[in-house]
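Reading through the structure tokens given below for one structure.
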Ligand code: SAM
Ligand code: SF4
């Protein structure tokens, strides 16, 4: 640890305070940070077509984001994922990756990674690899360019695929994330899996979650992954495996393709009992659960003083309030989103 850091009394105190543990005995070792609420896509399940974004002055600066992430790393966070919005549209975001990579070098951080829509990936892949990023998640819900445009409203599939190949060539391990959408990509999942596995990428499927108003009925989008799995099993041999990446996905190995398929099932099988994650928005709001409204403001303590003791106390107090879990419901009677904020605010 650099000398100036060791000498700061609050750093020593934080290190002594030990790892973050909630009242259910779950250690918080994984932080997801949304570095911007903005995005160059408008995916139909994530955002409304016309979104009001935060004024730029409300955002944490890159230095503040670094300080915040580092405070968590000091308290035992081993895995850091930058997300958004679209993280790669935040100006100078590579400066943040570069500075955070020092925690990889010291060994305090095990993994620095990102979730991206891939639109800007071709430009940044080599730099990401140089920062010690090893694995990234790229969201692609369909391989049909017209459908891709319809789902993302603004996206261009060819650019994203170019990003994925550039990332692969730069030595990054790519996992493809696809939200399973009723009628939209449900009949394409088998061929997407064959493509992903053929390219050497894992594929994870995600159930759509009721987060924020998107101008469409969630019930019309929602496709239970239990149904998807049953359908895949008519053609493929899926074997449950213990493989984990620190996130909520449960994996199977697919005999016919030799690849791995993940299921992220917040609706059909809630995975809260093993939750090791918290999320911070680009304004420094800490959400202890993706599916609950309770939050803690970390921007005020961050800006109040250069001494991290105040920030550490605010983090401790918030982790103490981490709830047992979410209670997502998608059905015809429940028309309200579980929480008002969009996935792009909290970060996926
Ligand atoms: N823009 C980046 C991207 O799309 O990968 C990162 C942020 S995005 C909010 C992170 C992930 O959340 C994406 O894989 C996206 O498909 C997923 N997502 C967004 N809204 C969702 C929702 N309502 N339910 C389930 N997944 C959602
Ligand atoms: Fe943007 Fe990602 Fe949300 Fe799509 S899912 S609108 S790419 S933040």
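Each position is counted from 1, following the chain as shown.
Note: Cβ is positioned from N, Cα and C throughout, glycine not excepted.
Please treat TrEMBL annotations as automatic predictions, because they have not gone through curation.
Within 10 Å of the C-beta of residue 175 (GTP binding site) we count 21 further C-beta atoms, all protein chains included. Per TrEMBL, the feature GTP binding site maps to 32, 81, 115, 175, 277, 278, 279.
Per TrEMBL, the feature [4Fe-4S] cluster 1 binding site maps to 39, 43, 46. Its Cβ placed at the centre, residue 39 ([4Fe-4S] cluster 1 binding site) has 24 other Cβ atoms within 10 Å.
Here the Cβ of residue 85 (S-adenosyl-L-methionine binding site) has 29 other Cβ atoms within 10 Å, regardless of which shown protein chain they belong to. The S-adenosyl-L-methionine binding site annotation in TrEMBL covers 45, 85, 139, 209.
Among the features that TrEMBL reports, [4Fe-4S] cluster 2 binding site is placed at 272, 275, 289. According to its DSSP assignment, residue 272 ([4Fe-4S] cluster 2 binding site) is helical.
Over the domain 'Radical SAM core' (23-248) the predicted model carries a mean pLDDT of 95. Under the heading domain 'Radical SAM core', TrEMBL lists 23-248.
For residue 45 (S-adenosyl-L-methionine binding site), the same-chain residues 6+ apart in sequence whose C-beta sits under 8 angstroms from its C-beta are 151, 179, 181, 208, 214, 216, 221.
A distance of 22 Å separates the Cα atom of residue 175 (GTP binding site) from that of residue 272 ([4Fe-4S] cluster 2 binding site). For ligand 2, the nearby binding-site residues are 43, 85; that is, of 43, 81, 85, these have a C-beta under 6 Å from one of its atoms. Maximum C-alpha to C-alpha distance over the listed GTP-binding residues 32, 81, 115, 175, 277, 278, 279 is 21 Å.
Among the binding-site residues listed here, namely 39, 43, 85, 275, 85 has its C-alpha nearest to that of residue 115 (GTP binding site). The binding-site residues near ligand 1, defined by a Cβ under 6 Å from one of its atoms, are 45, 46, 115, 139, 209, chosen from 45, 46, 115, 139, 209, 278.
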